[in-house]
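Here is what TrEMBL records for this protein:
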type	residues	note
COMPBIAS	655-677	compositional bias 'Basic residues'
COMPBIAS	689-709	compositional bias 'Acidic residues'
COMPBIAS	739-750	compositional bias 'Basic and acidic residues'
COMPBIAS	762-774	compositional bias 'Basic and acidic residues'
DOMAIN	788-854	domain 'SAM'
REGION	644-781	region 'Disordered'
REPEAT	14-114	repeat 'MBT'
REPEAT	122-226	repeat 'MBT'
REPEAT	236-342	repeat 'MBT'
REPEAT	350-447	repeat 'MBT'
Amino acid sequence: FSTDEGSSIEDADFNWDEFLEETGASAAPHTSFKHVEISLQSSFQPGMKLEVANKSNPDTYWVATIITTCGQLLLLRYCGYGDDRRADFWCDVMTADLHPVGWCTQNNKVLMPPDAIKEKYMDWTEFLIQDLTGARTAPANLLEGPLRGKNPVDLITVDSLIELQDSQNPFQYWIVSVVENVGGRLRLRYVGLEETESYDQWLFYLDCRLRPVGWCQENKYRMDPPADIYSLKTITEWKCALEKSLNDAANFPLPMEVFKDHADLRNHFFTVGMKLEAVNMREPFHICPASVTKVFNSHYLQVTIDDLRPESSKISMLCHADSLGILPIQWCLKNGVNLTPPKGYSGQDFDWADYQKQCGAEAAPHLCFRNTSFSRGFTKNMKLEAVNPRNPAEICVASITSVKGRLMWLHLEGSQMPSPEYIVDVESMDIFPVGWCEANAYNLTPPHKAVLRRKRRIAVVQPEKQLPSTVPVEKIPHDLCPVPQLDTTGTINGRYCCPQLYINHRCFSGPYLNKGRIAELPQSVGPGKCVLVLKEVLSMVINAAYKPGSVLRELQLVEDPQWNFQEETLKAKYRGKTYRATVKIVRTSDQVADFCRRVCAKLECCPNLFSPVLVAEVCPENCSIHTKTKYTYYYGKRKKIIKPPIGENNNMKSGHVKPARRRKRRKSIFVQKKRRSSAVDSNAAGSAEESEEDEPDAMEDETGSEETSSELRDDQTDTSSAEVPSARPRRAVTLRSSTELDRPPPTERARRSRRPQPHSCSEAEKGTPPKEEIKQEEEEKLVLDSNPLEWTVTDVVRFIKLTDCAPLAKIFQEQDIDGQALLLLTLPTVQECMELKLGPAIKLCHQIERVKVAFYAQYAN
């Protein structure tokens, strides 16, 4: 079964939320990942001082304090306001007139306090001296030049050059080029080996082995390629590659700001011959006895895994005082962890006391090691994302199976090659919080038994028409029955598995659905994941309607607060126009039958039209007695006919007669709507009512709300209008390219009818509860009555209340966001500052983008 583009059957994707719910596990706290937290920090810090132009007099400047940061936005307060936050204002570091403290003096600019506080102090010079004494000032390089507005991790671009320390010799470096930057995790390639990726390495940008180009020469270290690649090129080729990279690095140096968060190495106290326990970094599945075999200087030493076999190849590691995976002796015994004896050890049970006597070696004292009991909040059964040690390019879903001190044992849920649990330190830079891969647009290897969403081809259904069967269902041989073929990549938990749903075309189809089209539908769909199966069935029902838009509108109203539901977007096409709406669909199998009955009741058809029950010849609801004519007579003339009710669709219950459904000429309705829509938000553009203007016999809603409502639900927000700066790839999910600006301008009538009135009351404020309508894809552009740069916080709040983002208006009020700040908001800043999930954030950014487009069109010149 296939559909055209835009089908409800979509690609498969791993869903962390559902996986955590089904496994009953929790995600490791984001704050536990120290390196990720550092990578997300803004270069600006609250409390920093800078000079900024006065709003009332842009030719003068005054000192301001950074109150908080949100991406590249700064919330500033002029010095002198004290704790009064009423005059706080947002500005964009990329566009605002910001300068370091002292800039005005150097450039003969006037420092003058704002007019509102000019009379507060007699001697402002003395005030500034006191206010700036001991204060932190914003560095000049953060306010101008290539670093302006960027975080350190964003400065590392593809082809950036860095010096990489040799894995065995701390005094040897070679230059590497950045091939990828995934949220600070760098894929590095040695210069000179550009044609091969076989020797690529993955390191987080905070790794102490990475240094700026020039570090090696400055410290008089060797600049040579590692021993394992040295033979791949001639000396001349290596020399040419080095010269070229040094020239490139000189012309395009990596800003030193990148290395500001690198930890300084502390001195160690190890001596040659000391014994310790260490994780075997080449095979991080075991902890083994080890020895200090070389001390390079006060910072570096070499640790070798003990191997008692003659002429064995030793495994050595370059370490420092804070290296991960080195432990004092007896650590395994005290923590109940198995210590793997050295290869070649003859005893049955390893004993440190006997082994030390045998070797004549002393144990490294505890003061040589960092705190070995610090777990950073990780606990057993937590989930996270972790690098596969056998394939560093792969990041897998991982479970913590054990935490001992500062070591964790991880099980990779979906690794291509099964491997035992491996050991990582709690401060390893190869582990990441849940959702990190998605935020950085990097592939995450899901579990083998995964919860899947958006599964392509949820079932193979029968495309041929259903023909009346002369054979009773129970007598059809099993091998002749249509068996839906579900793509079962991954195993779906039974709770979320929908049973097979049958389209019983003989049942009463009601006023909305075309019985002929129903007969052409497949006999069944599923089994499969509930949301996917039900979404497919609903899409079929919409396409089988006389007027798909009307059915889509009715489906929006099907809900129950007791349901465990998920919102999904459905589409309807009619007369060349496409409508979208968000419908609530149940997620668990125990609610499927109730959901189907509710939908059938809303569409006024037999409750068995589509259900888990296969109707053979006679429907249990005896729905065959109903016909379209009788339906029209009953509902249209309000006459009571003596017929048994159909399932839940008993409109005669309690003596209440359903109001008449009237056919009205669409033209008069639309004229009325045009008058009313002037007080509606800009969201009404492209409404379902307008697009159905050419349907003279469209059937009205039972409550007549189609005549009185002019507000639409903007459920299917075009994410292309959400601005996602390329400089922040790790927070932003990849969005479609923008097409809104390419749309043709709307007609003058449409522009007039949808002109927003920020200072007028919305329908909701007048007490008229608007019915949720369907948004047409082709949305007209917004036309503004005033310049958003001049909007106050009240104006912004009023505008937001007139959109489908009205519940968020309170946040704008609390954060004092005026028109200027509104125009500066982007998707990453909205998510971070307002703590919104991606869906609401995109919806809000859509409205902000419409204001921006209107602003540029009307006021930018």
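Including glycine, each Cβ sits where the backbone N, Cα and C put it.
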Mean per-residue pLDDT computed across the repeat 'MBT' (236-342): 92
Which of 122-226, 236-342, 350-447 contacts the repeat 'MBT' (14-114) most, counting Cβ pairs under 8 Å: 122-226
Structural state census, the domain 'SAM' (788-854) (DSSP three-state): 52 helix, 0 strand, 15 coil
Helix-strand-coil residue split for the repeat 'MBT' (14-114), DSSP-based: 22 helix, 32 strand, 47 coil
Three-state composition of the repeat 'MBT' (236-342), taking helix and strand from DSSP: 25 helix, 28 strand, 54 coil
Number of helical, extended and coil residues in the repeat 'MBT' (122-226), per DSSP: 23 helix, 31 strand, 51 coil
DSSP-derived helix, strand and coil totals, residue by residue, for the repeat 'MBT' (350-447): 15 helix, 34 strand, 49 coil
